[in-house]
Amino acid sequence: NKSKKRRNRVSFLGAATVEPPKPIPLTWKTEKPVWVNQWPLPKQKLEALHLLANEQLEKGHIEPSFSPWNSPVFVIQKKSGKWRMLTDLRAVNAVIQPMGPLQPGLPSPAMIPKDWPLIIIDLKDCFFTIPLAEQDCEKFAFTIPAINNKEPATRFQWKVLPQGMLNSPTICQTFVGRALQPVREKFSDCYIIHYIDDILCAAETKDKLIDCYTFLQAEVANAGLAIASDKIQTSTPFHYLGMQIENRKIKPQKIEIRKDTLKALNDFQKLLGDINWIRPTLGIPTYAMSNLFSILRGDSDLNSKRMLTPEATKEIKLVEEKIQSAQINRIDPLAPLQLLIFATAHSPTGIIIQNTDLVEWSFLPHSTVKTFTLYLDQIATLIGQTRLRIIKLCGNDPDKIVVPLTKEQVRQAFINSGAWQIGLANFVGIIDNHYPKTKIFQFLKLTTWILPKITRREPLENALTVFTDGSSNGKAAYTGPKERVIKTPYQSAQRAELVAVITVLQDFDINIISDSAYVVQATRDVETALIKYSMDDQLNQLFNLLQQTVRKRNFPFYITHIRAHTNLPGPLTKANKQADLLVSSALIKAQELHALTHVNAAGLKNKFDVTWKLAKDIVQHCTQCQVLHLPTQEAGVNPRGLCPNALWQMDVTHVPSFGRLSYVHVTVDTYSHFIWATCHTGESTSHVKKHLLSCFAVMGVPEKIKTDNGPGYCSKAFQKFLSQWKISHTTGIPYNSQGQAIVERTNRTLKTQLVKQKEGGDSKECTTPQMQLNLALYTLNFLNIYRNQTTTSAEQHLTGKKNSPHEGKLIWWKDNKNKTWEIGKVITWGRGFACVSPGENQLPVWIPTRHLKFYNEPIRDAKKSTSAETETPQSSTVDSQDEQNGDVRRTDEVAIHQEGRAANLGTTKEADAVSYKISREHKGDTNPREYAACSLDDCINGGKSPYACRSSCS
């Protein structure tokens, strides 16, 4: 009956007769009960808890419970002396699926039309009037303990939204929003703001406002909600969401900032968060709070000590003054909004106005993402940010944007600035530079550093040109009319070069050329840039000094970048090299001195204090200083093994997507190109040994391994490991990866295959890094067949099967040392290279294919070829397909030859069968003499040669 009477009353008031909204169920991550034990409570608090629980039980907010869930409960005493019950729901919140916020920000009261009458109401105990879904009630159970456990504890569970539940605000907003929806539909010309349980209604006339409020009362009651009668506001000044609202003006509510509680980072973080929240109303520019923001720097521990500096104290006083005096205006709904951009110090300031009435302030963050942010880019970013804010406030773009730039500067910004193009994308309003005549903005501290005045984008005519350089040894230098070397405390080449640039930025026209792109970009941008604070004090000092130096100049300058260590001709490269020489490291100086004087290793070590290994490497890799070394290879030739497991190359590459296992150790057999790779957490000797043991299990044990000069490969532990397995070890040229070209190419091939599998593969079961590697290796070794091959790498590795049609053929090969052409036999042929047997008692020679010619092809006069370097035989006419991939295959004859050499047995009969050479007297003939065809069955030419056979065929 009561419900029927209530519905009749609501109908009489004119509201729609609808059922109250149904409870909104929660989504749970788990149905496993969460039980957190109740802690003991003092007797006084326990008595207060019993009273509060009985009160809630009478109101129907809780009910007795036998739930397997439990959350601790406690009470606090208010200033008025009353007690308040709270539930610790942190454990329960952890298993609730968040609903997400429905109102991510506070509504702006400035959008309330000016001079419209208002009514503001507050819903009474809003959470306690919204029911929980029946199935969710048991999850919010709590226990009231008994002293000394002398009786069973009393247990209850919430039937309404509990305070502190993760989704209570969202459910409350949804519930109240549904109740207000009929009001919004019927009174669409009224302006209604609803935030949690606070509701503001505005209408053009008082009569319409009363009608709207009457209907709203009925709808709220119909939804089971209650209005707090003591919190209804009907006259100015209104207080809503921390603001004092008058007929036309809006002011922040008067507050006092307590400074005695500011002792730790957390205290200052909260204070600045609150100040930032009301800054759009206060209008405090970013530069006026820089000292307060600086206090947040340093240790990120919330309890770390912080102190209020005198400068920051002044800024807090400014905030308090602004709170007392600042005000913004309610808008005219029929007039458009405009955006003014002021070029204030530190960063620009935006102001949203309507006519000359201030609506809201807009600021950029104090800290930036980039180290240098150009002032023009900051203006563009602020425009884009404030345009979005205006659209959010009223649903429209501003009618006009006023910027501190001329029309020509605006035109250039559209052409040259990507940030400007983004900030003003799709803007169809007016861009102007005429500010309204009003005194309310005159307090702003403006800057003149908007666009560059000193820095030029084009070289200066008739100006001095200076080259700068820096080194990690702390030396900086510049060259020009005079040279100078400057000692700096920095261990960074870029920082040392910054010192050189600052030094040469004297007050006269100058063109600066630097080989550091970092320094060039910093110097170009620093004039108008906001410099991001860095924890590195040295870097801060350098950048600030650079900016001050540039801004103090009276004459323009130009700076550009030049690539270092190139062999390009011209005076720029020469002059830059001269500057580089002034600061080059000990190793570079040692290499340059040896190239000039060919001093021995001991002399290099003594003069430059380099290690013995580095000194010996410099000498050993000098072609003029080699006295007794293994034969050097021709340019473009990377030695291969002549049979499986003869020579491996090994390296470490990085695959970032593997996470901790990003160090991928790669081994490739240079004969078969069989690849094996394993992923590890590092590249130390222990990781290398683990990788090699894996390789031995798959590929076998090699005779020789070639690596770079990494610490993991040069350690004593690794050498001992190799000696145990009877493996010889060589390294490439220090700091030069060309000696390991095969494995470097393999790294790229492997990474490409991994990318293909990741982006286009269907093998979702390959979840771990090693599984992904294994799939890639299986494809490369057992499935792929490369051009000019007939078998896979796995078949070649396991069987040693021949794979090139040119193996065993007679060829002419060019001896670059003697400038002569010799005859030989192909042992193996790959992409751009070949291994040739030059004759008896001689080791095989690796030669680029451009220095080869098949034996049955026409040849020019041997005498002329010997005497005139320009008259060489035609280059090999081998199809380019024969030079693919560089895979090598052995012949049985070469195997015999190698085995004999390895055993130091000298020349054997079998070795003679494959080691041959045209006699010396043939060299002088225009055409080699012809002899009868050889009749021996084992003739190396198959008995078909028109020339004489030597050695065992003679």
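Using the three backbone atoms N, Cα and C, a Cβ is placed for every residue, glycine included.
According to Swiss-Prot, the feature DNA-binding region maps to 809-857, an assignment based on sequence analysis. Taking DSSP states H, G and I as helix and E and B as strand, the DNA-binding region (809-857) has 3 helix, 28 strand, 18 coil.
Taken from Swiss-Prot, the feature Mg(2+) 1 binding site applies to ASP469, GLU497, ASP515, supported by sequence analysis. Other Cβ atoms within 10 Å of the Cβ of GLU497 (Mg(2+) 1 binding site), summed over all protein chains shown, number 30. Classification of GLU497 (Mg(2+) 1 binding site) by DSSP places it within a helix.
If you look up Swiss-Prot, you'll see HIS594, HIS598, CYS622, CYS625 marked as Zn(2+) binding site.
As annotated by Swiss-Prot, domain 'Reverse transcriptase' applies to 57-245, with the evidence given as sequence analysis.
As annotated by Swiss-Prot, domain 'RNase H type-1' applies to 460-588.
What Swiss-Prot lists as domain 'Integrase catalytic' is 640-801.
Annotation source Swiss-Prot lists motif 'YXDD' at 195-198. Mean per-residue pLDDT, taken over the motif 'YXDD' (195-198), amounts to 90.
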Given the binding-site residues ASP469, ASP515, and counting only Cβ atoms in the protein chains shown, which has the most within 10 Å of its Cβ?
ASP469
Tell me, by DSSP, whether ASP515 (Mg(2+) 1 binding site) is helix, strand or coil?
coil
Surrounding residues of the motif 'YXDD' (195-198) on its own chain - C-beta under 8 Å, 6+ positions past either end:
103, 106-107, 120-123, 126, 169, 172-173, 176, 240-241
Determine how many residues of the motif 'YXDD' (195-198) DSSP places in helix, in strand and in coil.
0 helix, 2 strand, 2 coil
